[in-house]
Amino acid sequence: MRNHVLAASFSMLSLLALMGDTDSKTESSFMMDSDPQRCMRHHYVDSISHPLYKCSSKMVLLARCEGHCSQASRSEPLVSFSTVLKQPFRSSCHCCRPQTSKLKALRLRCSGGMRLTATYRYILSCHCEECSS
């Protein structure tokens, strides 16, 4: 009898491991690190110029968050005992978004000796978080 309980426990743990439903940080981080499409920061270069004034443009290194989140998106119907369903579904989804960023500025030289300052957020890290509706 004891062997059957042990075998059943081992089978359940194996099933949970296959489904990815474990609490092990090491296992889940390994799964995330091995996914090349995971949510992460990507660098790119873009030209910054003023939309109205004649200023010399500058090439700037920027970063964006891009990739997939491991959590599944889901929508379920809500059951109500009212004839009016204000919100007929409960939805949950996760998006790849900036986690930390810093404010940066650059100066553009414009005609007539004028200088304009452009500001932007430079993304330092990305993570998955619940999407807002």
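Keep in mind that glycine also has a Cβ here, set from the backbone N, Cα and C atoms.
Out of Cys128, Cys131, the record in Swiss-Prot bonds Cys69 through a disulfide to Cys128. The disulfide entry in Swiss-Prot for Cys110 points, among Cys55, Cys65, to Cys55. In Swiss-Prot, Cys39 is paired through a disulphide bond with Cys96, chosen from Cys95, Cys96. Of the listed residues Cys95, Cys126, Cys126 is the one Swiss-Prot pairs with Cys65, by disulfide bond. Of the candidate disulfide-bonded residues, Cys65, Cys96, Cys126, the one lying closest to Cys110 (disulfide bond) when CA atoms are compared is Cys65. A mean pLDDT of 90 is what the model gives for the domain 'CTCK' (39-132). Counting residue by residue with DSSP, the domain 'CTCK' (39-132) contains 3 helix, 61 strand, 30 coil. When the alpha carbons of Cys128 (disulfide bond) and Cys39 (disulfide bond) are compared, the span between them is 7 angstrom.
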